[in-house]
Every structure is written in C-alpha cells, then in structure tokens.
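The next block holds one structure in the form of structure tokens; read it before the comments.
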Amino acid sequence: MSAFTNAFGALQKVGKSLMLPVSVLPVAGLLLGIGAANLPWLPDILSQVMAASGGAIFGNLALIFAIGVALGFTENDGVSALAATVGYAVLLATMGVVANSMGVETKSIMGLQSIETGVFGGILIGGVAAAVFNRFYRIQLPAYLGFFAGKRAVPIITAFAAIFLGIILVFIWPPIGGVINAFSHWAAEQSPALAFSIYGVVERSLIPFGLHHVWNVPFFFEAGSCTNLAGEARTGVLTCYLEADQASRAAATNHFGQLAGGYMFKMYGLPAAAIAIWHCAKPENKAKVGGIMVSAALTSFLTGITEPIEFSFLFVAPVLYALHAILAGTAFFVTNSLGMVHGTSFSHGFIDFIVLSGNSQNFLLFPVIGAIYAVVYYSVFRFVITKFDLKTPGREDESDALLASASDGDEDEMARDLVVAFGGAGNIVSLDACITRLRIGVNDPAKVDQPKLKAMGAAGVVQVGNGMQAIFGTQSENLKTAMDIFLKKGGGTEPVAPVTATPEATTDTAPAEVTADVEAAVSVCVATFGGVENIKKVTRCATSRIRLLLHEPVEVDPDTIELPLSQATMKVQDNLYHILVGEYAEAYEAAINKLREE
C-alpha cells in the first residue's frame, strides 16, 4: 500500500474522529443562542443557565476533542476516553510547571495554570491516548502487578506519555502558536473575504473524501479571538460569534460573522440545483427524480446537510461539482464583502439560521442574496446539464440505480444486505459512520458490490485503498449500528462472489438447468409481481438472490408473501425487490429471462 494511501487513510480516521466532538456543537449553540437572546417569555434565571451551559461546552472544547479523537481511533472503547481525560489533565499540569520555570506566559485552563494550546492540544493528547491504548490494551504484567494489566494500564501509561509531551510542547509550542496567531489575525482580521473564500472552495472539494472536518478545525476554532461575558478568552470565529462580549464583537472585523457564506449555497444554491436536476430529467423519470430531489433540497435547506444533493451529481458530472465548489467560495467572499454577519453551530441550515440570529447583522440581506444564489445555481446547473448532456439522475439510460432509495424494510434485512454488499463479514475489517456516510474498512475492495450499494440507496460510493465510504445520508449512523448488531450476532457469513463490472447476466455463459420446480416457482413469482410485461429487468446478485426491477409498483407485502423456493423477499423501493432463493438463483434468473423473451 502506498504512502499516500496510508496517509489518506489516517486523515480519514482523524476526520471521522473529529465528528464526535463536533456533534456536541449544535446543542452548545442552541443553548447559547436561546440563552443569549433574552426572550421575554423565558425566565431570566433559565436564560442564564442555558447561556452558561452552552459556554461551558465551548470552554472545554480541547478536552472534548481529546476524548473524541481517542474514541475515534480505538473503536469507541471507553478506556481510551478515560486515558485521554487523564492525559489532558497531566499535560496541562506539566506544561504549567515547566513553563513557569522558564518564564513562559501561562493562563488558567480547567483550574490549572498552563500554556494555551487550544483544540490542537486536545487533538494531540487524544492521539497519544489512542496510540497507547492500541499498543498496550493487552499488556501482560507479573502476577503481583496483575491488577494493572491489560486496559487498566492504559491511563497510567498515557499519564507518563503526557508528561513527555507536555515538556516537548513547552519548547515547540510558542513558535507554533505564533504561526497560528498570525494565521488567525490574517484570516479573521486582515483578509477575511479572501481567507474564507479559499476556505469555502477547499472545504467543498474535500467533501467527497470526508476530510473537510480536518480542514474546518483551524477556521472554526483558531481564526479570531475574543473575550466572553465572564471575561474568559476564546478563540475561533464559530465560538466567538456565539460567546463574544459586545466590546470584542464591536472591535472584530465583520463581528465574527465570517462563516455566513455557508447559508447562501446550503439554504438556497444547492436546493435550486436539485430543482434544476429534477427539471432536466427525462419525462418518464421526473416523478421519481422529483421526489428524491425535493426531499434532498428540503434536507439541505432545513439542516444544511448537502451530501444527498452533492453525491447525486458528483460521480456522473464532476464538472458540476467543480463549479459548485467555486460558487461556494464566492458565497463567502460576497457575505464578507457586504458585511453580512451570521454564525453556525452545525451546518448552515434554516434551524441554525433562526436559532443563532440574535447576533446577526444585515439580516434582511440573507434572503435577498440567497435568492440571487438560487437563480445562479439553477441557471448554471440547467445550462451545463443540457448543453453537455450530463447524465444526472433521471437522464441516464437506465436510472434505477441512481433513483434508488434506502429500504423501508426490516433493519435486520437491511443490515444483512449491507454486510453482503461489502463482501460479507469476513471482508469487513472496521465499521464506522459519520453524519452522512458509512465508513467501512475491507480486506478486499474487489468484493464490494458498489452497484448493489447504490441500488440500496447510497448516493455514491468512494474508495481509497481498502477504505470504502457509502453515502446513505443521515441514516448512516443507524445503519452502522444495525450492521454492528447483525455482525455481533454472527450474521453476514454468507459467501459472496467477486463483483464484476456489471451485475447483469451475460449471454455467452452456459445456461443453468431450469427444472420443473423452478419453472413453477417462477410462474408464481412473475404473476405476483404483475406479470412478465411488468418486469423491467432481472439480475442475479451475489450468489443467492434475484434483483427484480418493475415498470410499475405492485401491492406486495414482503413480510407475508410466500414464494415457492424463496427464503425471503425484501422491498428496496416501490418498484425494486430482492428475492433470496439460495442455490436456485442462477436458474431462477434464467427462467424469468426466458419468459421475458417469449
């Protein structure tokens, strides 16, 4: 495996591990936003409690990041979280003592005098705790020290490692901190329009690889500094927009609203692009594409989660994605140039927009500029799609794969099919998820059935080395949990044949023997699904199931239907079913195709 692939895989793990601490920001933002709004119907004491609670989360972000990184690299083992907490406390204490002896300036952090390393210090000690855990969680000790063997040794070893890290940081952090401060001043004060335009283009460009969380950290939590109402220092435009006192806010360039540009393309631009994709679909596909695109547009508008839209055109029309990344960068330039001030705690959706509007400025400009971006996105997407005949959803020759939606069936069935699609239990090395995607490490990527994953509802599948990402939207975490439970129960042992470039049956192979039993079973199956004229395509998946695509949906209950020779039936979408027939799959497929040819 190349050094690039190894580095990329490590960065993906870092990005994934950062999702846990980032996931607490919405509740912190909600508490601060409501608490600081001084709503007349909310008692003052409750407003103060909410504001203080949100501030407490932002005040301990470094510790939260330390725990999140440790958990992300250790398969969510709680011992690593304890080790990270111990390590962070020891790190702070060590840096404080050594810094004082050297005359280096310190400040109070969690009640300890130490050097301010921000979230980067938390990320570092979280990585150390994870490395110690992965190396020593099964350590053997002499019998008289047996109590401290195994996982109990991890926090102890981490504490000693934190001492060494703290000593090193006292020497190397001042120049590093100087560089970070210079970047912070440039991005937040000197050239915010340019800095955050670059941020916007790069952030969107990293979305397909899941690395945008790594890129977000310096802009969210280091660019800009302020003092909160309690007189405590804070860093980062995301934090300062929510917490800064009036003096800090008045003195800051654009009043910590440098992230306002995200609202332009998440609430307005991309939803308009989704409508353009819908309008450009073939007439016979517009109904299906419309349902999917309108749902994705609404998700983007309300929550700021954009992957369902972006991955609908990323792989089939990458030129559109490049244009989208550039437009996203211009959104930050425009909002910073016009003095539009707003913040975010999650992802620039309508919910963030309303809840965090208390500190916004030029508020009425947002829908005006947003409407302009909607027109620009719609016009650009529609022109490019039609001009270059791009195969966006609904325009391809066979649209069933991209028009699929996740199964509404039983979770166990969905989990089983996902495990099979990833090559079976024996092919799965690691299992994780972020907000919108399953992140699966596999032994052999060739065994992963990407067309099957798309048929099951994945908006796209990304492969780098032995790492696979399947974009299932906001249900990804639940799907990961279902797969985890299924695997722990011993499921997913069905062998899976290597996947070829296309799942369709070829005509130059020897036909399977179609017995009278198979013919009778197929007759019942075909009749159940509306007759042979209603079958659009039949495909054998893996080695044991039939994928049946229909022209028109039929009223069939997969839980009660009993088909001869069939072990189970799963509804993937209204006109797509999977039928588990085991060893009869090849003959079943041949018999149905024979009827279609007649």
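Note that Cβ sites are derived from N, Cα and C of the backbone, with glycine treated the same way.
As annotated by TrEMBL, domain 'PTS EIIC type-1' applies to 5-397.
Long-range contacts of the transmembrane segment (20-42) within the same chain, counting only residues at least 6 positions beyond its ends with a Cβ under 8 Å from a Cβ of the stretch, are 48-55, 57-58, 61, 64-65, 67-69, 71-72, 213, 216, 238, 242-243, 343-346, 352, 355-359, 435. Taken from TrEMBL, the feature transmembrane segment applies to 20-42 (among others).
What TrEMBL records for 49-73 (among others) is transmembrane segment.
According to TrEMBL, the feature transmembrane segment maps to 79-99 (among others). Same-chain residues lying 6 or more positions outside the transmembrane segment (79-99) and placing a CB less than 8 Å from one of its CB atoms are 62-63, 66-67, 69-71, 73, 105-106, 109-110, 112-115, 117, 121-122, 125-126, 128-130, 132-133, 137, 151, 154-155, 158-159, 161-163, 165-167, 169-170, 173.
Among the features that TrEMBL reports, transmembrane segment is placed at 111-133 (among others).
Residues or ranges marked as transmembrane segment by TrEMBL: 153-173 (among others).
Sequence-distant contacts of the transmembrane segment (311-334) (same chain, six or more residues past either end, CB-CB distance under 8 Å): 193-194, 196-201, 203-205, 208, 258-262, 264-265, 269-270, 273-274, 277, 292-293, 296, 340, 369, 373, 376-377, 380-381, 384-385, 388, 390-393, 396, 402, 459-460, 471. Among the features that TrEMBL reports, transmembrane segment is placed at 311-334 (among others).
The transmembrane segment annotation in TrEMBL covers 363-385 (among others). Non-local neighbours of the transmembrane segment (363-385) in the same chain are 260, 263-265, 267-273, 275-277, 279-280, 317, 319-320, 323-324, 327, 331, 334-335, 338, 340, 342, 353, 357, 392, 395; each lies 6+ residues outside the stretch with a CB under 8 Å from one of its CB atoms.
Per TrEMBL, the feature domain 'PTS EIIB type-1' maps to 412-493.
Annotation comment: TrEMBL describes Cys434 as active site, phosphocysteine intermediate. Close to Cys434 (active site, phosphocysteine intermediate) in the fold, though at least 6 residues off in sequence, lie Gly15, Lys16, Met19, Gly210, His213, Ser476, each with a CB less than 8 Å from its CB.
Taken residue by residue, the domain 'PTS EIIB type-1' (412-493) breaks down under DSSP into 38 helix, 21 strand, 23 coil. Confidence annotation: the domain 'PTS EIIB type-1' (412-493) carries a mean pLDDT of 83 in the model.
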